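Asks: Once you've had a glance at the structure underneath, I'll fire off some questions.
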Amino acid sequence: MAVSKKSRKSEPSAAFTAADGLVLDQSEIMRAMLAAQKGKQKEESEGNDESDEEDDDVSNEGEDEGESSGSEAESSVAAQRNLKRRRSLSFELDAEGEEDKENEESEPRPQPSSGAGMLSRTALATKDMTPKPRSKPQPNGLASASKPSADVTFESLGLSHPLITALASINIKKPTEIQAACVEPILSGRDCIGGAKTGSGKTMAFALPIVERIARDPFGVWAVVLTPTRELAYQLSEQFLVIGKPLGLTTATIVGGMDMMKQAQELEARPHIIVATPGRLCDLLRSGGVGPGKLSRVRTLVLDEADRMLTPSFAPELAYLFSQIPAKRQTCLFTATVSEAIMELANKEPPAGKQRPFVYRVASDTLTVSNLKQKYLFIPSQIRDPYLLYILQNPLEDIDVALRVDPKKAKAREREAALGKKGKKPRQAKEEEDAPSVPSTVIFTQRCATAHLLHLLLNSLDIPSVPLHSHLTQPQRLLSLARFRAHEVPVLVTTDVGSRGLDIPEVAMVINWDCPRRSDDYVHRVGRTARAGRGGVAVTIITERDTELVKIIEDEVNVRLEELKLDEDKVLEGLNKVSLARRMATMEMHDSGFGERQATNKAKQIKRMKRDAAAAGKA
């Protein structure tokens, strides 16, 4: 929701300020976000034609899936320049918290400069695929990552015995590198910027010192944690609850898609910690449903996935929240991908008499963990379906057998739930007894319609799956995540709403159905596997339109993807079966009215934009 000019003028000029005088200047943050606004608006206009086509007919999903035509192809040089310009931009989320908006309406994919329509299997192999080192400017005088000494313990970091006991109950006995580096500075009240690889323990790096400080001087509301997605907000709340409940701490989760009245009551109860998406928290504070001054005593503000939060999409909401939270507070920014906006804050000269914030950055040039096997599959876009089925039914050797889910067990659970006879063992059909073991897999797509169609397609092929995208209700989304976490189904098909921060420890494989358009998106997607020291495999499907994209990603992530070679004859044996399943899934999706919901959501968004524009004009 946009903030009117009048209301912005009346809001105090808040600053990111630590309790001991350390400062992160808010005006610099807002300038960094708004500087990208012009580029973002141009990006949105480029995606309008594509998004209109996406909603016309679901039955055309399998042919183009949002890809641009050959006449709109960009040169390879232009593609690299445009993508690098957009590195600091993030796809939008719904500003009011009513729904998340993925980048399904993002810009067309850059095309190979040759303009060739047919796929050449040697085209990618002949390119210079040697990754170039990332250029990572270090802030002057700021800390970078270093391996903690062997004698670093939670006790030596200053945590109390009850909190250490709570950690031991969830089998956390030794701090990770980012925890060893950041816990003490945050505990002492310093502002902190933390950047580390996915699965490195960033959440506990700020959660532990916050819980410890609240336990020493408890009152509500002490801390506000802002996240870009609803699912991440629920996950953070669960982690705060696990370590904070033994100490008597309370947490409220404020996200869109849930009962606002109940959330208002939770805020009135003054919980110690609020975990929220910016849009819904702003709505509650502006609506008058809660009393004034609910955030007037906040000591700590955390922006999780800060690279995504510090974009123009969230600027109005953050500006309003800054005006509601005290200027003298501790501020922590955490992310797996340190954007230019964050680096500007880290490098900025502090005001006279002030110190810089504590900054932790991973020392490696490579943004992905070493125990992650990263592969690419170079195939024509028209035959992705049979390749997907083959990969799921014939798991790669790099995947641990222990991380595979038996489809017949998943089918049995579904029948038990349907019949309501949990104590009775259901009969197994012969085809289920012979079903292959499917690895625990997350499949990422660019669009909601693609994710839902693949979910229906896999179910038609007797591979149980659940969808996760913004066109589902919030209870449906939470149920999908719960079933996948509990290993009831082996496959989660999601848009980028599932790429940020979600911690599902036993994911064996990530498949990028659509090649990510930005290197940051790639890092967050593949980070759903190989977490906490475990192994994992990431397979990115590259079509004839993605050759320039994958080269840019390799250069910026500083890793070379290994080609995955499969027996094409064996793969295409299932082509007829998969084609029939796709037709059935398309009809089911059409009958369910999925396209109507899509059109309704878009109409609501247009209406909100017109309303906000009219309000800004009157002001």
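Placement of Cβ uses the backbone N, Cα and C atoms for every residue, glycine included.
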Asks: Any idea which of 152-180, 355-383, 471-499 is down as motif 'Q motif' in Swiss-Prot?
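Replies: Feature motif 'Q motif' in Swiss-Prot: residues 152-180.
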Asks: Can you identify, from 304-307, 464-467, 588-591, 592-595, the stretch that Swiss-Prot calls motif 'DEAD box'?
Replies: 304-307
Asks: Per DSSP, what is the residue tally for the motif 'Q motif' (152-180) in helix, strand and coil?
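Replies: Its residues divide into 13 helix, 0 strand, 16 coil.
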